[in-house]
Each structure stands twice: as C-alpha cells, then as structure tokens.
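To start, the structure itself, in structure tokens.
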Ligand code: NDP
C-alpha cells in the first residue's frame, strides 16, 4: 500500500501552507525501510520573519476573543483529530517508525485530549479579588504573547498539541518548529486547527534544524520558548532565552529509576518495566531505564522479563499486530548500538536482544542487561533506545540513594504491594513525574515534567496554565491619596 506523505508545502504560516524552496532540503525518511517519503525545506530568514510578524499581528485580537470562544475552537480541533485518527496515525507511523498499534492510541488521541482539556478550561481561567480593607486589588491572567514550541522527534503530534493547546487557550500565538527528523505531523495539526476555526497566524509551523530553533529563540518579538529535547540542547536554548529574559519550559531527558521490591506483583512489575523501556522502541524521555530489583526477586524478574520479551512482535509498523518498530534514524541506531557495545565491554550481562537486524531501516531488538552497576555508562547516560538495565539492591535506603544518584530527575516508579512503603519511597525520590505500581501513564489531567537537569516548568493539567500566562496585579484605591507633600 502506498500513502501520500508529501505535504503540499513545507511550512504553515498565517493560516495557509507556505513554501520557500530556497531553504535547505530536508529528506523525510521512513525508518522501517530507509526510504525517502517526503521532502521539505528548512525555513529561510524570510519565512521566520513572516511567521513571527503574522503571529504578533494575530495574537492581540485572539487575546481579546472571549475565552469560551477560544476554547470552542480547541474542542472542535480535538474532535477533528479523533475523526481523522487513523489517517493521522498512519502518517505518524511513517514519520517516526512507531508501530500503528501505538500511534492509533497514543499520538493524535493524546493531542486531542490536550486540545479538549484546555479547550474546556479556557473559559474558567480567571484572576482573583484581593480585599485590602477599604481598598482592594485584583489580578488578571494575561497571555504572554508569541510563544515558540520546539519539538523532539519521538511524539511529533503529541508535542505540538501539548504545547499549542495551553498556549492558545491562554490567548497566545504559537510558532512550532518540529524536529527536522519528523516534520510532517505538525503540519496536519496546523491544518486542523484552522479547519476548526482558529484565525490565521495563531498556530504556525516552520521547518528546520537547530539553527531555525535558535533564530526563533533569540527573536526579540518572541516572549516564551517551550522546548522538548535533550539536556545539551536545553542548556543552549535556556541560555539563549535568558539573554532577553524570555519565559521557558524545558522538557528534557532522563535516566529514570524503577524500584521493584521483593513483594511486588511480578507480572505487573515486568509489564511496567516493558512499558517503561520498550514502548516506542525505548525512545521516550520518561523511560525507567534503571530497573532496581530487590535481591530476592531479581533472578525471577530477569527470567520472566526475557520470556515476555521473546513475545515482542517486531516487524512492519503498519501491520497492527506489530508492537515493536525500528529506531527513528540511522544516527539513533548508531547511538544505541554503541551503548550496547559499551554495556558489554564494561561487564554487564546481555540476557536478551540487542541485535541489529539485517534488513533495510533502523532495527535493533529490545535489549535486557543484568548485573549492571551504578558506575557503568549504560546506567548513567540517557540512551534513548530499547535498552533495559537491571541493577540489584538489598535495602530501601540503598535503593533510594542509588536511584537519586543522577543529575536527571524526570520520572520514577515503585512496584510493591506495601502501599505505605510505596508512598514513603516516592516521597524520597527526586523526580517530577512518579508512578506507583504503574509506569509511563501521561494523562493530560496530570502535570508532567522534571526536576534537576530534566527540566523546568510543567506541561499538561492546570499547572501548564502558569507557564503560558502571567498575572497583572491592579491596586484600586477607594479614598483620597495621602502623599507626604
Ligand atoms: P534534541 O535536543 O536534539 O532536539 C530537540 C529540538 O531542538 C529539535 O527540534 C532540534 O532541532 C532543536 N534544536 C537543536 N539545537 C537547537 C538550538 N541551538 N536552538 C533551538 N533549537 C534547537 O532532541 P531530540 O530531537 O534528539 O530528542 C531526544 C531528546 O528529547 C532526549 O533527550 C529526550 O529525553 C528528550 N525528550 C524529552 C521529553 C520530555 O517531555 N521531557 C519528551 C521527549 C523527548 P533538530 O533536531 O531538527 O536539529
């Protein structure tokens, strides 16, 4: 079956597709085969200027639109995303290589959840009245202005919507730059928002690599930058934004721990670790790649994990029976295989998987390492691939200390039947997004984000509103002004 994946233009600016063929060519590759499935051009300075000017011009009118009308547009867009879920999921699969069995339930649908949630609460975003005796004050929740979203390649539709939905609900305009590896889906989100009634200029997509992201980040007319990406990129974008004191949200990488105690339900713990390591071929920021298993359970855990990993269906991502696809790019495959080599060289025991498949595309089978120690490279650095490390522990205190011994702090999970222990341990773990007897759930109702080097700010839930709006305080004097002279 062939799909039409070539967009009619590279960018979406001022409510319409926009092309500027003088920009550098970006080949879009289907990771399952290595074939070029589309070509877009990176944004030129002229495209960036047009997007920023259009966003600025449209934002003032949008901010003055009654919030419930803003919300209605977002809710309508959510409905269209759901109606077109299959078509959007196929495109997401072609763009990322993630199996259709995943994209059908985790990408456009997750984007729709965000649009629906923020569409629903737009009308309820209010300030407060502050009594001060005779005088009083009030606060007004105002938009920031023009926001820039910069996305990673693992969840292109979801990232675009998680940033656009709260930004637009609060009355901002957004310019979104997808990863150059996955430029296709955000264009669909833009099209759908306009179809749902979003006025021109409020959600723009410009393509390009880091240089385009950097040009947007430093643009004087931009008020906020929200990045989903790695820590090294986060450092650069945060520093660049600081030059002009822009607001930032940083959703960065992780090396998150999952703690499995002896009394855990072994099937749930293994299932949680599968979700936290192999979904999307392991290319998820919040993955629990350091699986600390208590001594009494470790051998059984590793054996059962290997058994369940043998059931992975690795193959054509467009076949809905497939549940494990390729890595996103040749570069990512090189990174993952180099970590596999390091793991073996440093003495970890490869129990299962970790093989590069001899076929076109970027295939590496899910890998399970046992006998991993805290000092090994695979226990310290984010791999962003299907590599699970099992580390043995004996006591709760030891597990907590070792789990926290990292510069990252995105997520953490605990598996135990002892709920008092679960909450005690979660209370001691330094991570922004935690799970008890579960892993990697990301409902829009729950704030998502990291501590330490994993990020600043939160996406989703009411918390995101704080990051896309600012308060104006107004003091109101009801009597005469008493001045000293
Ligand atoms: P990168 O950090 O390489 O890139 C992220 C985005 O930033 C891309 O669009 C990239 O452009 C752009 N970019 C690169 N340099 C600059 C710059 N100087 N100024 C502005 N923008 C720039 O991340 P990946 O795309 O490789 O994604 C993987 C990383 O993202 C992992 O570390 C993962 O943990 C993290 N991530 C975090 C999530 C979270 O919510 N916490 C969720 C998903 C992923 P381009 O790539 O086109 O060059």
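Cβ from N, Cα, C; glycine included.
In this structure, residue 163 (active site, charge relay system) is part of a helix by DSSP. Around the Cβ of residue 163 (active site, charge relay system), the number of neighbouring Cβ atoms within 10 Å comes to 30. Taken from TrEMBL, the feature active site, charge relay system covers 163 (among others).
Note: residue 251 (active site, proton acceptor) has non-local neighbours 226, 227, 228, 229, 285, 448, 449, 450, 455, 457, 459, i.e. same-chain residues 6+ apart with C-beta under 8 A of its own C-beta. The feature active site, proton acceptor is assigned by TrEMBL to 251.
Sequence annotations record features per position, and here TrEMBL assigns active site to 251.
Look at residue 285 (active site, nucleophile): DSSP puts it in coil. The annotation active site, nucleophile is assigned in TrEMBL to 285.
Look at TrEMBL and you will find 459 (among others) tagged as active site, charge relay system.
According to TrEMBL, the feature K(+) 1 binding site maps to 29, 95. In sequence order, 5, 28, 156, 182, 183, 184, 185 are the residues of the chain that are 6 or more apart from residue 95 (K(+) 1 binding site) and have a CB within less than 8 Å of its CB.
Residue 178 (NAD(+) binding site) carries neither a helix nor a strand DSSP state and counts as coil. The NAD(+) binding site annotation in TrEMBL covers 151, 152, 153, 177, 178, 179, 180, 253, 285, 382.
Residues or ranges marked as K(+) 2 binding site in TrEMBL: 245, 452, 455. Counting only same-chain residues six or more apart in sequence, the Cβ atoms lying under 8 angstroms from the Cβ of residue 452 (K(+) 2 binding site) belong to 406, 407, 408, 409, 430.
What TrEMBL records for 23-474 is domain 'Aldehyde dehydrogenase'.
Feature annotation from TrEMBL assigns cysteine sulfenic acid (-SOH) to 285. The Cβ neighbour count for residue 285 (active site, nucleophile), using a 10 Å radius over every protein chain in view, is 25.
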Given the recorded positions 151, 153, 163, 178, 245, which one's Cα is the least distant from that of residue 29 (K(+) 1 binding site)?
153
Candidate nearest residue 163 (active site, charge relay system) in space, where candidates are the binding-site residues 151, 153, 180, 245 and distance is Cα-Cα:
151
Given the binding-site residues 151, 153, 178, 180, find the one whose Cα is closest in space to the Cα of residue 245 (K(+) 2 binding site).
151
Stretch-averaged pLDDT - the domain 'Aldehyde dehydrogenase' (23-474):
98
DSSP three-state assignment for residue 29 (K(+) 1 binding site):
strand
Around ligand 1, within a Cβ distance of under 6 Å, which of the binding-site residues 29, 95, 153, 180 show up?
153, 180
Residues that sit under 8 angstroms from residue 153 (NAD(+) binding site) by C-beta distance, when 6+ apart in the chain:
96, 178, 179, 181, 182, 283, 328, 329
